[in-house]
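A.B. asks: Take this structure first; my questions come after.
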Amino acid sequence: MAEAAPTLAASEEFEQDYNEQQQQQQEQEQDIQHQDESGAEADAAEPEELACAYCGVTESISLVQCVATGNWFCNGSGRGPASHCIQHLVRSRSPSRAIRLSPDNPLATAIECYQCSMSNVFCLGFVATKGAEGLVVLLCRSCTNSSSLKAEWNVQNWTPLVVDKSLLNWLVPVPTDEEKVNSVTTAQINRMEDLWKSNPGVSLNAAVDEDEDDLEPVQLRYEDGYHYRSVFAALVDLEAEYDREMKSHLSEDGIAVRWKVSEISQRVIAAFSFGALFSESMRVTIGDELKISLSPGTRRAWTCNGTVVAVNEDGDIELELSRKDEAPLHVTQGFSISFVWKPVTFERMSNALKTLAVEDSSLSGYLFHKLLGHDVDDQTLKVDLPARYGVKGLPDLNDSQVSAIQQALTRPLALIQGPPGTGKTVTSATLVYHMVKQNKGAQVLVTAPSNVAVDQLAAKIHQTNLKVVRLAAKSREHLDSSVEHLSLHYVVQHLGGESSLALQRLLKKREDSGNQLSASDQKRLMSLRRSLEREVLRAADVICCTCSGAADPRLAKYKFKHVLLDEATQATEPESLIPIVRGCKQFVLVGDHCQLGPVVVCKKAANAGLNSSLFERLVTLGLRPLRLTVQYRMHPCLSEFPSNTFYEGSLENGVSEAERTPSSVDFPWPRPDKPMMFFSCMGAEELASTGTSYLNRTEAANCERVVTALLNGGAVPAQIGVVTPYEGQRAFLVSELQRGPLPTQTYKEIEISSVDAFQGREKDFIILSCVRSNQKQGIGFLNDPRRLNVALTRAKYGLIILGNPLVLAQRPLWNTLLVHFRDEGVLVEGSLANLTVSAMKFPNAKKYYRDRRQRIFDENATRAFSGDVSDPFGERAAQANTAPVLDSRHDPRYGGARHQHSAAGPASSATGASGGQPADGRSGTSSGAEPAAVTPLAGGPAVNAGPGSAGQGLSEDSSAFGPGPAIPMPAISAPVARYKGFGDFDYVDRPLHAPSHHGNNGVNDVFHHQQQHQHQQHQQQPQQQGHRPPQQPPQQHALPHLHEDMPLTQFGGPSQSQTQGFANMMTQQPMSQPMSQSQSVYKFEDEDDDDSDGE
C-alpha cells in the first residue's frame, strides 16, 4: 500500500506550463474526435497505454518517464537491487537524469528543485516547510546549504528522493507482483540498453532472442601463441570499444572559458569547469586530449584540440591548445568541450599480442612457455653476483631485499612482491643497477603502467649514477615533471654540441613565428631531433617509459634483453606484453597482488579476466614471488592488522613506535599509544549525481571535524590525506571541507582522493570515509580485501576510519577489522570533543578465511607445488616437468618437423637465449665473494650464499621463497586440457643479433658540465642461444577481432651501442619541481559489485 503522499509545493512557472499543456492536450483530443472514419474515432480518442519498457507494468501511477529517451519505467525492482526507472537512468547515461510523473499521479508537479530548477533526480530531495503541516518542497542537495532557505524550511532534515536505489514510495508507488507482465533479469536489461543505442524501438523479446558473441575467458594455460592471442585480442577490442563509447558521451555545451596566455612562451590555455567529465568511472587526468569548439552563429565557427595540463580538486581544468593562432580570445561563452578518444594504447596491445604469436625473436623460449603456462624446467642464469648488494646513493638493504635481488639476478623470470612500505622502489633501483653491471653495460628497459610510477622509479635509479633516460609521449613533453631533467626531449635540447644548438635555433624560430616553419626548416628540425634522440638513447644505461611507451616508434629498432616491470599488478596482461616482445631474455615483475589490480572499465571484459594481471596468473601457476618483509612506513600498531590478515604475519617493523609518534601534533586519540580509531557514524548513504556512486553527508561532516582538529592540533595540510572508495563522496568532501571554520585555502591544500588513486602513496595522517550505510544494498566493492589493504596502509603516523560499524560488520573481513579495533579500545562513538569507547556487539558473521587458492599459495612456502590448481600437492608433484603436446614450437602446423615422442619420456628442457642452463645443470660462476646469510622471506632456514655458491640456482621448493598471496584471487578458468609429456625433444631459441659497438662521437661532448663517467668498452660475445621454429598460424585460429594489416613494430636494424668516455649529463640534481597532486590521479573505479550500479 502506498504511503500517504504529502502536498508538493510548485512554482508559478510550472503551474502556467502545466495549464498550457493540459489545454493543448484537450485541443488534440477534440481534433481526434472529429475524425470521420467509423470505428477508428473511438480508438484514436483513447490515449496510448503506458507500460514499463522493461517488465510491461501498466499501472500508470507506478510509472515515470525518462525525459531524455521518452520511455516509461516502473518503480519496481524485479530481480535486481534497483528499481527499473533507476536502472534505466544509470545505464542510459542520460546527462539530465530527469523524470516526469505519469498523468494519473496525484502529485502533478515538476520533479525539479524549487530553488534552482535542477532536474537530476539523484540530486533531489524533499524538506518540510515550517508552519505548514504536510507541505513539503523539493530541493537539490546543493541548495540545502543556502542560508536564505534555512529560515523557511527544515533543510537539516533533507531526505533524498532515491533511497535504496528506488524512488520514494509516496512519490511513485511500487507495483505489485500481480501487475508485472514480464520477469526480466539484469542481463536482459543490459542487453536491451545496448540494443536501444542503435534501435530505440527494440522489445524485450528481441533482446532475449539476440545472441551475444561468445567470449572466451582468460585461461590459466594456453595451447600456443595463437590461442593466447585470440583470447586476449577479443578482450582488448571489447575494452577499446567500451572506452571509445564512454568517452563519446563525455561532452558538454555552453561552457564558459577563461583564457590564459603566457607572455614568454605564448602558450594559450583555456580554463573551464566541466563537471560531466568527473563521472565515477572516467575522470579527466593530466595528458588527456580534449576538443574545444565554438558553434557557428553570430560568431565564426572554430575548433581546436588541446592537452590537459592541470586538473584542480574543485573540478577546474586547464587545456593547452595545440594551435596558438586564431584562438577566439575575445569570446568567453558558448563553447563546447568533448573528449578525444585515442586508440594508441589498445593498438599497441594488439600488436604485442600478434608479435608474440608470430615473431620468432619476440622473447626467449623459456619466457614464451612460462607465459603460456607450460611446464618447463627452471633455468638459472650464469652471472657473477656482486660481493656487496648495496649501492652508493641508495639506502642500505635489509635481508629480504638482498635475498630478492640475489635470486632475481639469477633467474630469467622473477616476481618480487613488495607489500606496503617495504622499499619496493629502492629494491627495484638496486636490482636495475646490478642488471646493468653484471651484463656488461647492456641496456635495461624499465616500465610501469602509469607515468607517476615511472617517474618515481626513474628518479631513484638516477641516484645510482647510471645514465637514465625518461622517454615520455610527445603529448606529455610540455607537462611539468619531477624528472624533467632526465626526459629525452630535455636532454636533446641541452646537449651543447653544434647539432643541439642548431636544433635550439630552429625551435626558437618556430616559437617566434607562431608555430610556423618553412618546409625546409621543418624537415631540418625533424632530422636533427631524430638524430640527437638516437644518440641519447644509444648512450643510456636505462630507458624508463610506460608499458605503452615501450612501443614508441623511437624505440622501434632497439632490442631489450632485460626488462623490469614495476607496479606489475596494476597492468593488464596484454599491457605487460608490450615491453617484452622486443627480444626479452630476463623479465622481472615487481608488484603486490594483495593490493589493487588493473582498472578495466568494461564489466564484461573484466568478468572474462582482463582485470587479472600477468603477475597474478604466474602466481596462480605456482611461480612463487620473492617477498620483501620489512616495512618502514607505518606505526607498528597500524601494520599489525594488514600483516596478520593479508601477509600471514610475515611483515616486520623497520620503524619503532617512538619514530612514528609526532610530538608536534595533538589529537584526541582514544589511546595515545595507538594512533588509530574507528569513528562510528550512523548516517545513511545517498546516491551521487550520476546514480552510480555514493556519498554520506554524516561522514563528510565528521571528516571536516577530524581534519579541523588535526590542523588545530599542529598538523599542516600536506600531512593529511582523505581517501574514500567513491567518487561521489570525494567530490562532496571537497565542498564540505571548505565550509569548515578555518580559511578556505587551508582546506584546499588537503589532498582528497580515491583509495585507488592513493595506491603507492603515503601521508602522515589518513582519514578513510567508508560511505556505505544501508539496510539492503550491502557494501559493494568496499568488501574487496585488496581495496581495504590499500586503504589501511597509507598512513605513517595515524589512521582514522569513519563508517557505520553495524553495516560493515556483516561482512567477515570487516567484522574481523572491527573486532580488532574494539579489542584494542579504539572503536569510538559520540562527538569528537567527547569520544567514548564503544563496546558494540556486532552481528554474527563468518570468520574471514582465505579461499582455497590462497591456502594453496600458503602451502607453497613449505611444500612442493605442481603448478596445477586442480591438483596442488598430489599426483603430479613427483612427476617430471613436461611440456605440452600442443606447443606451437613443435606442432607441425607451425612449420616445424613432426616429432613422435613418448608421453612417458624424459622431461624437456628450455634453454633460453640468455646463456642459462636447464634445471639439471644449474651450475653458476662463483663471484668469489661471500654474501651474508639472508633471512628467509617466510619461515624456513636462512639462505647462505657462501664461497663458490653465489651463482647456484635455487630449486622451486626452496624455503627462501615467500608465501603466496593472502587475498582472494580473481577467478581464472581451469586449464584447457590436461597436458601430456611429449618426450625428450630439446628446443632452443634463435639467437638475437649481438649488439654492435661503434663510436658515437656526437654524444661524447654533450655533458661536459656534469660529473664524468668512464665506461669501458665491452666486447660482448654471442652466447649460445636458441630459436623458435618458424610458425604458420593455423586456419582455425583466425582472429576476427584483429586487423591483420595493423603495422607491427619492426625488429632488427641497427642495434644499440654503448659509447666510450660518455660524459653523463643525467647525474645532475633533480629540478625543484614537486609532483602535483593532480599528476597522481588515476581513473576512478567506482562501480559496485552488483550489476545495478551501471557503467
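Even glycines carry a Cβ here, placed using N, Cα and C.
Computed from a predicted structure; not experimentally measured.
So TrEMBL lists the following for this protein:
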- 1-43: region 'Disordered' (REGION)
- 44-199: domain 'Upf1' (DOMAIN)
- 52-84: region 'C3H' (REGION)
- 66-94: region 'CC/SHH/C' (REGION)
- 113-143: region 'C4' (REGION)
- 881-966: region 'Disordered' (REGION)
- 902-919: compositional bias 'Low complexity' (COMPBIAS)
- 990-1095: region 'Disordered' (REGION)
- 1017-1037: compositional bias 'Low complexity' (COMPBIAS)
- 1052-1062: compositional bias 'Polar residues' (COMPBIAS)
- 1065-1080: compositional bias 'Low complexity' (COMPBIAS)
- 1085-1095: compositional bias 'Acidic residues' (COMPBIAS)
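Relative to the rest of the structure, where do these features sit?
C.D. replies: With a threshold of 8 Å between CB atoms, the same-chain residues lying at least 6 positions outside the region 'C3H' (52-84) that come near it are 2, 90, 92, 94-96, 98-105, 119, 164-167, 169, 172-175, 179-186, 189, 192, 196, 200, 204, 776-777, 1090-1093.
Mean pLDDT across the region 'CC/SHH/C' (66-94) comes to 88 in this model.
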A.B. asks: As a quick check of your reading of DSSP, tell me how many residues in the region 'CC/SHH/C' (66-94) are helical, how many are strand and how many are coil.
C.D. replies: 8 helix, 4 strand, 17 coil
A.B. asks: Using DSSP, how many residues of the region 'C4' (113-143) fall into helix, strand and coil, respectively?
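C.D. replies: Counts, helix then strand then coil: 5 helix, 12 strand, 14 coil.
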